[in-house]
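Straight from TrEMBL, the features:
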DOMAIN    450-594  domain 'GGDEF'
DOMAIN    603-856  domain 'EAL'
SIGNAL    1-25  signal peptide
TRANSMEM  190-208  transmembrane segment
TRANSMEM  215-235  transmembrane segment
TRANSMEM  247-267  transmembrane segment
TRANSMEM  279-303  transmembrane segment
TRANSMEM  309-330  transmembrane segment
TRANSMEM  337-357  transmembrane segment
Amino acid sequence: MIISRLLLFVVFAAPLACVPSAALAEPGPVEITPSAPIQAHFHYLEDPSGGADLEQIREWPEDEWQLAESGNATLGITSSPYWLRFSVRNDTGENLNMVAELAYSQLDDVTFHLLNEGRVVREFATGDTRPFYPRDIDHPSMLLRFNLEPEQARTLYIRVQTQGSMILPLRLWREHNFFETATREQKLHFFYYGAILVIILINLVVFLKLRERLYLFYALAIAGYLLFFSSIHGYSFQHIYPQFPVVHGRVLLLSMPILALFSVLFCREFLRIKSHSPLLDIAIRAMIYFEIFNLMAALVLSYNVAIKISAISSFFFFSLLFVAGPITWAKGVRAGMFFTIAWTPLTIGVLATGGRAMGFFPDNFMTEYAMQVGSGLEAFILTLALADRLYREREDKIQAQAESLRKEKARHEAYNWLANAMMHDAVTGLPNRNRFERMVNERLQSDPEGHYMVGVCRITRLDEINRTLGLNRSERLLQRIARNMRALASELPVVHSRRDDRGQVEQVYQLSGDSFGLLVDVNRVKDDFKGLDRALKQLSEPVQLDNLAIELHPKFGAATYPAHGSNAALLIRNAHVGMEITPRDNFEVGFYSRRYDIYSESRLTLMSDLRDALQRDETELHYQPKACLASGAITGVEALIRWHHPERGWVYPADFVPLAEETGVITHLTRWAFDRGIRDLSVLLADNPSLTMSINISARDLVSNDLRDLIESTLARYKVPADHLTVELTETAAMDDPEKGWIALEKLAELGVKVAIDDFGSGYSSLSYLKQLPATEIKLDRSLIKDLCTSDSSRVIVQTAINMAHGLGYELVAEGVEDEGTARVLKRIGCDRFQGYWLCHPLPLEPLKRWLSEPHEPLSDK
């Protein structure tokens, strides 16, 4: 790419490119738009002395600044630094993370100066004469990340200096748009590099096999392209020698004579120029000697001198090879036709790239990567040409091996038949699990951006049926089930299908003796899975066999790609776990959820770690205050567990408390929480004698035989009155075993401990049961009050809950209050107390003591 730019600048176009655009009126800040990238105009200024700093540049006369309205400026080969300036304002009403990009990786020295209200808030220097790291973003372009708050405007000054072409394509991105685009472009680049590398390896293998230097020259020429494009786009600097910018510059210089030298050597061999065009051969040999000199110059001369020699070289190199193909074709040499066709797209790419550099063509994907695309097509066509040459030279040998190949084909077909028999279930004829995994993996690899669902079905009564009816009838039943599944799947276009080697359609697979699977293309689902659900309901109906209606009791599970796994084995495993999860929304299928995956190795390990942490006293309690809405007094605190894992960091209670309940670790956790909480309460009561503390318990704790004894002994040990302790449990936990729960809560009430119903309104309640509980307090779930200020229906629901609670003799506490407006509404409609981030975040003991010692004003009635 740089060859054509340098060539155009040095030979005839640089003066035109350097003509400044007329100074235009200030267009104002860049407007934030949904486009990607955002159109970013800017002003630029040449600093001939090279010594101006930011303050001097800011005082520079406005009429000397030039406007690049398109966001691009091509200023030729110059050693003078240039300053760029633009402003951007956020009128979107939301916080924005932005990326400013100079999308040319060969700029030697780039310094960003970010200003906010005239003050420099950040300076960042980068460039390809500096070590690659650190950079704001791991990307070859010159990038700066910054944020914009709503209504905020920022100004960016950028100082750029380079020994090569001063090409300044400025782009402004929303951060997520940049990463999406960069990811796509990187995939294309590495696809190109992979394809080129494959071509190189193929030709090296052929060279080692045949010992013909033609293939070595071609492999080295293509390697030159690979080296050139990976250097010009900055990827080799980024990934191979990021700490050695000097090496990067020299590698770029070396890549040009390498690709030219071996391209000329390949051309001479491939076209057999010496045998039919003596004059052209003289020119070719002269070009070879010149490129050897160019290679030596790239090693020892200065960058400026070496780059100019490469520019001159590129002119003669492209010109000579452009005419070599047609001359050879005119001589009747078949290779000349291939060479001419192959060189054409590369020539077009060179012209398009040069035209983009000069501003003749728009700056877009095709013009930016035209030379790279052209080189890829040239490599592909010449590879075909070499294959054609190799084919013709080896045609006699291939014909002699034809009989051997036919025999090999017959053996291969016999092997396929045997493998196919091994890939199907002997009873139902359905393809088996190995084939299913292979199909799913191939599909995911061919469409990695797709959205798929692996569904499994298990006939839960098959063992019982087998023992009752015998093996023969059980196999007939399986065959009937398989036919039903095939018929239903064939009517569902969302079920992925493929044909095997015999042309048989495969949609349903047998994963084991009683399990079946299929793959659903979720992107093709248009009816919210209703058609699939109807089919599953049909499968759940009894099957008629020998005048018997047999209930199958099938269970269905599903896991989706990419959310639940990236390969077939993991998706099948998670779909089986999904079968054990209760289906939702009246559907037949249980969907996998990591939250309910009790078989997760990491979650099981987490419980072992939690048990160790409790033994070592590495868990913590933080306390969130509760306040009276009427008086503003702090009436109590709620104890909330916190756990900092040495490897995973802070682990949320939602990630370990449910699993602790399932595995029994909750008993140890509750015992620790009561001991630590009551101990801390004894400390707090010294300065806050009326303070109460709430501690949460689970359904398993509620029916534990030693809950009362645990609480009574702990209160006695720390000399804390029982009426200062409140036990909180959810309404769902209270309903888990109503009779035992009522007895346990009565025992606590007899002890003097208060009882509160937590998260009221989030589950299914039996008011007739709840009113029998010895509770004194109901806590409204945060989901009921989150839109209290904006929703009349929410206000009516909360008002009704408050009136009901007061009517039953309960105090009502609202949790999750995040703003003053919600607190005022709650006070106005009669809520007793509240807690939430607006009042105070959960605090450890010592910060809580300091917070409680501070005055707290009551909420005004405004």
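Note: Cβ is positioned from N, Cα and C throughout, glycine not excepted.
A contact between the transmembrane segment (309-330) and the transmembrane segment (247-267) is present, since 3 or more of their C-beta pairs, 6 or more residues apart, lie under 8 Å. Away from its own ends, the transmembrane segment (190-208) comes close to residues 215-216, 218-219, 222-223, 225-226, 229-230, 235, 372, 376, 379-380, 383, 386, 390 of its chain (Cβ-Cβ under 8 Å, at least six residues beyond either end). Taken together, the residues in the domain 'GGDEF' (450-594) have a mean pLDDT of 87 on the 0 to 100 scale. Tertiary neighbourhood of the transmembrane segment (247-267): same-chain residues 2-3, 106, 128-129, 214, 217-218, 220-221, 223-225, 227-228, 231-232, 236-237, 241, 273, 284, 287-288, 291-292, 294-295, 297-299, 303, 306-307, 310, 313-314, 317, 320-321, 324, 339, selected by CB-CB distance under 8 Å and a gap of 6+ residues from either end.
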